[in-house]
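First comes the structure, then the notes that go with it.
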């Protein structure tokens with residue numbers, strides 16, 4: 001990645017209780033988020049959670065039923081896409097099949113009647129930056145998936161817009177290329193300094209690339225936080241299970257004999273946060289083992305609840321065996337049985353009871 | 001043994017081809033060849049046999065003022081119908097491709113002229129054009145106070161009146177092809193162009209129209225052939241008159257061959273028509289080939 005596009009500053013985006021309805025169905029329900037300028041924000045969630053709709057509302061490709069969209073402090077809710085000063089990369093890339101790579105990239109500049117000299121200079125810079133210099137005369141149909149992806153990126157960054165939106169841009173690439181592009185897109189965003197809103201259903205993508213992850217579920221905001229906070233302090237059982245592989249184990253509090261009198265809260269412990277400990281607070285029986293090379297994933301049962309634990313390969317266990325497990329006090333999560341929200345106030349109490 | 005199996009497959013193959021071949025030869029290839037042959041002979045009459053007269057028929061054609069007149073008419077007819085009906089078809093297709101109330105009804109309404117037989121259509125239009133109490137005279141008389149006009153009886157307007165009917169008949173048919181092509185263009189392309197700041201006209205000029213080029217080629221080839229082929233309505237509306245003002249090449253061929261029974265001269269005119277059509281079709285493919293992007 002060489003080249004020297006001038007760094008520029010992004011614009012912040014603010015969604016104020018934005019709602020999108022189609023007849024009876026509500027795709028996005030009262031969503032309020034703040035996307036700081038120059039940040040990389042990932043909209044994460046399972047398919048059908050409204051993340052693409054949210055992105056399209058920011059882009060102006062979808063009408064907002066209720067609420068406001070602000071870009072750089074200005075209300076743009078009623079403005080067409082062309083007046084919002086942003087660029088977008090589509091999942092299918094949406095390259096114009098009849099135009100060459102060069103024409104695809106400078107499409108927007110031509111529409112805005114940027115002078116020929118300026119256009120050519122910018123094209124050369126962007127093509128150099130993305131390694132497309134030798135492909136400029138080709139048609140999109142003659143390019144590989146990764147190259148098409150780069151052309152789409154080129155078209156998005158050549159306009160030097162303060163905001164770039166991406167809708168699952170890597171989902172059509174193979175695993176190796178996806179990793180490369182992940183690094184490249186992140187580097188590009190940091191180098192050019194624009195505000196990035198990135199839609200993905202892949203939690204690894206979101207966690208590795210973003211400054212802020214906005215987790216959506218059924219059109220509602222589940223949690224908006226930095227990746228580390230999302231992983232370490234998930235706000236709800238949904239967030240806890242959506243981020244991290246394998247997902248966090250959730251137990252009804254009463255699954256543990258020592259908490260038989262506790263309220264109907266849910267306890268969560270990540271598989272990688274548990275370790276073998278003689279006389280530890282959790283006594284479980286092993287059901288099945290999955291050998292992963294670096295470690296072993298064990299399916300266990302405690303008090304009728306199945307869960308998974310990551311064990312080192314050095315201490316062999318066998319199915320049917322009973323094992324004692326321990327965990328650090330900070331690794332326990334408590335979620336309210338009624339509201340589903342996080343209850344940090346109960347963590348130390350429950351932790352102490354489990355250990356007693 | 002192998003030879004026998006090969007032979008049997010060969011016979012089966014020919015038997016399967018036979019039904020189609022018989023009809024193709026009976027109705028296309030043999031008549032075509034016969035037409036070309038006939039154009040070098042004189043017309044047989046009564047007991048007088050046809051005799052070989054070389055290029056006499058072609059010399060007669062070149063000296064025939066009516067031939068040049070109908071050829072000129074046909075050129076004007078093609079220029080009048082093709083661009084207008086293709087442009088109308090695109091506009092209508094773009095319109096009914098939008099989300100609008102009663103979209104399928106509008107689509108059906110545009111397609112209706114294609115379904116109606118041209119003869120029936122011509123009779124309806126005959127009423128529209130009727131001097132004095134026809135639809136057009138009623139409207140122009142009411143709005144502008146114009147006197148009665150005989151659109152079909154005036155040599156200056158007869159051909160144009162026929163062009164209008166043809167455009168009305170053809171545009172809806174071509175629209176269906178454009179509509180199908182429009183729906184195969186991904187919506188994403190339009191959205192990407194919008195985000196890049198393109199307005200409706202730019203999107204049409206730079207994205208939609210170029211992507212419709214294969215359809216345009218197809219429609220244009222069809223329109224050119226139709227402009228030489230569609231003559232049914234002339235029989236009803238003007239019968240080629242007045243003074244051949246609205247006669248087209250195919251109409252003239254029909255007149256010569258089956259009204260005057262000069263079959264040899266009719267064959268000669270047919271050969272001229274065939275040569276003209278093949279030249280047009282070939283040159284269209286060459287002309288468009290560079291401009292068409294196939295997916």
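Cβ atoms are placed via backbone N, Cα and C, with glycine included.
Unlike curated entries, TrEMBL annotations are predicted automatically.
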Of the residue ranges B:12-37, B:38-63, the one that TrEMBL records as transmembrane segment: B:12-37
Residues flagged as transmembrane segment in TrEMBL, choosing from B:75-96, B:97-118: B:75-96
Range annotated as transmembrane segment - as stated in TrEMBL, picked from B:133-157, B:158-182: B:158-182
Proximity of the transmembrane segment (B:264-288) to the transmembrane segment (B:12-37), 3+ C-beta pairs under 8 angstroms: yes
Non-local residues, at least 6 beyond the ends, that sit with Cβ under 8 Å of the transmembrane segment (B:75-96): 103, 106-107, 110, 159-160, 162-163, 166-167, 170-175, 177-179, 182, 204, 208-209, 212, 216, 219-220, 223-224, 226-228, 248
Beyond the flanks of the transmembrane segment (B:203-225) by at least 6 residues, Cβ under 8 Å: 78, 81-82, 85-86, 89-90, 94, 170, 174, 177-178, 180-182, 185, 189-190, 193-194, 277, 280-281, 284-285, 288, 291-294
Other parts of the chain folded back onto the transmembrane segment (B:158-182), taken as Cβ under 8 Å at six or more residues beyond its ends: 73, 76-77, 80-81, 84-86, 88-90, 92-94, 96-97, 107, 110-114, 116, 118, 121-122, 125, 129, 151-152, 208, 211-212, 214-215, 218-219, 222-223, 226-227, 230, 233-234, 237-238, 241-242, 245-246
